[in-house]
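So the structure is just underneath, and the comments pick up after that.
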């Protein structure tokens, strides 16, 4: 059942929909099960960063673990209701992806321009690597990054839902505040995880990437559909990688 309008985030949320797992829709995932899910998210991230497989085919192994471990944990924790984070994708959802894609590209350009005036920024190494890849490596790069970016959505959305559950049910925070705190906290976390990518530049990673993550998560807040935020994320990064790689 959707929450009353007074507890929602206005136009940021599509009417008649609510987040799963925190208030019995379709089932509540309780604290102990959320710990398992979050641990699987951490294990998946460790697999991506610590398993040194960089071959054209073998590079898929850590990427699949990064995505598969959290998804497997959700399947276990949700007891038959794991598909609640996935909804149908039609023309409306594709339009939403494109809207948030354009919004995120604009926000990213503005943020990058501002940050370049206050700190030395670093290019994403994936863009540099793409420029030096062979044709076969480039062909494999895009499907592999699509899987990884879906994993990055799981890495953000599952902790978001876990934190929402905890703040709403354990702390007693009202829904609107719990959503906002979870939204910002997971964006900061996402940015912090990019510190090694950007040579430990705190401002670029936490602020720059964190702001971009706020926009990407907004696509999920609006639709409650991880396919939409994933599609937005994939299109965004593919555009940026491709432009930077030429």
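Cβ from N, Cα, C; glycine included.
In TrEMBL, annotation is done automatically, which means it is predicted and not curated.
Mean pLDDT of the predicted structure over the domain 'CAAX prenyl protease 2/Lysostaphin resistance protein A-like' (146-239): 97. The feature domain 'CAAX prenyl protease 2/Lysostaphin resistance protein A-like' is assigned by TrEMBL to 146-239.
Within the chain, the transmembrane segment (34-53) has long-range Cβ neighbours (under 8 A, six or more residues past its boundaries) at 59, 61-63, 65-70, 72-74, 76-77, 148, 151, 154-155, 158-159, 162, 165-166, 193, 196. Residues or ranges marked as transmembrane segment in TrEMBL: 34-53 (among others).
TrEMBL lists 59-78 (among others) with the feature transmembrane segment. For the transmembrane segment (59-78), the residues of the chain that approach it from at least six positions outside its boundaries are 20-21, 27, 29, 33-34, 36-37, 39-41, 43-45, 47-48, 51, 53, 84-85, 140, 144, 147-148, 150-151, 154-155, 158, judged by C-beta separation under 8 angstroms.
As annotated by TrEMBL, transmembrane segment applies to 98-118 (among others). Only residues 6 or more beyond the boundaries of the transmembrane segment (98-118), in the same chain, are considered here, and those with a CB under 8 A from a CB of the stretch are 203-204, 207-208, 211-212, 215-216, 218-219, 222, 228-229, 232, 235-236, 239-240.
If you look up TrEMBL, you'll see 146-166 (among others) marked as transmembrane segment.
Per TrEMBL, transmembrane segment is recorded for 178-196 (among others). Counting same-chain residues at least six beyond the ends of the transmembrane segment (178-196), those with a Cβ under 8 angstroms from any Cβ of the stretch are 9, 19, 45, 49, 152, 155-157, 159-161, 163-164, 167-168, 171, 202, 205-211, 213-214, 217, 221.
The transmembrane segment annotation in TrEMBL covers 202-221 (among others).
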